[in-house]
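Q: Straight out of TrEMBL:
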{"type": "COMPBIAS", "residues": "A:118-133", "note": "compositional bias 'Basic and acidic residues'"}
{"type": "COMPBIAS", "residues": "A:134-155", "note": "compositional bias 'Low complexity'"}
{"type": "DOMAIN", "residues": "A:8-46", "note": "domain 'TRASH'"}
{"type": "REGION", "residues": "A:118-164", "note": "region 'Disordered'"}
Amino acid sequence: MVLKTELCRFSGAKIYPGKGIRFVRGDSQVFLFSNSKCKRYFHNRLKPSKLTWTAMYRKQHKKDIAQEAVKKRRRTAKKPYSRSIVGATLEVIQKKRSEKPEVRDAAREAALREIKERIKKTKDEKKAKKAEVAAKQQKTQGKGNLPKGGAPKGPKLGGGGGKR
Amino acid sequence: MRTVLKVVDNSGAKKVMCIQALKGKKGARLGDTIIASVKEAMPNGKVKKGKVVYGVVVRAAMQRGRCDGSEVKFDDNAVVLVDKQGQPIGTRVFGPVPHELRQKKHVKILTLAEHIA
């Protein structure tokens, strides 16, 4: 029906085809005015944000915002979308989603226990190695010297494993 | 008549004064051709001062109605120099030019323009 209603640059009103004045400034900027009132005010360098009847003023002084806020609230909540991604097919995702919390906890504890045992094993191994080295040194160096290998034991592994 | 227009191409002239509007009893408007006399020119240019040239009005402060009913007006009065056949003398056109030139078959000026309003 209508070609396209433009918006007035000054007042924000709709400009129907056949109305309005188009002003092209020297710097190639185009201004659309809905009537000669807006055009006159523009040329007299009045500010639309200071004239109560313009859209700019209403926006600045926050008139009519309550209505817009009510409209926005009507949007429905987004549902979680089931789709397979690279690295996890749809079945894997669904299985993980439907896992019960007890099962998850049990799995987590099992993993923790494994890690702790692993660390304990490495700690014991290191202790055994150090003891061997210390024993060897004692034999070669003589009885007087204290075993130097025993003092620096390295960072405490027990504390790190427990936190995990 | 006697209107001093700005020249917005690089033909060498700076200001021309209209001495005759080729069409229209009331005077030339946006998109019309005029006969003009060069009043001010750049020192090394294709046209010299005092020469009589043809020009196409590309910007007019007087509004001109468009087909859809709206009106266009520009900030200043400007002209592009052409020869008798309608081909522009210069090689560049500065500033905005209106759509109306297409109807008047000044396609060359449109292609050279940097902004079509």
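Backbone N, Cα and C atoms are what each Cβ position is placed from, and that goes for glycine too.
Where the annotation comes from TrEMBL, it is an automatic prediction and has not been curated.
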Q: In the same chain, who gets a Cβ under 8 Å from the domain 'TRASH' (A:8-46) while lying at least 6 residues past its ends?
A: 2, 53-56
Q: Averaging the per-residue pLDDT over the domain 'TRASH' (A:8-46), what integer do you get?
A: 91
Q: Where DSSP helix means H, G or I and strand means E or B, what are the helix, strand and coil counts for the compositional bias 'Basic and acidic residues' (A:118-133)?
A: 16 helix, 0 strand, 0 coil
Q: Using DSSP, how many residues of the domain 'TRASH' (A:8-46) fall into helix, strand and coil, respectively?
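A: Per DSSP, the residues of the domain 'TRASH' (A:8-46) fall into 8 helix, 10 strand, 21 coil.
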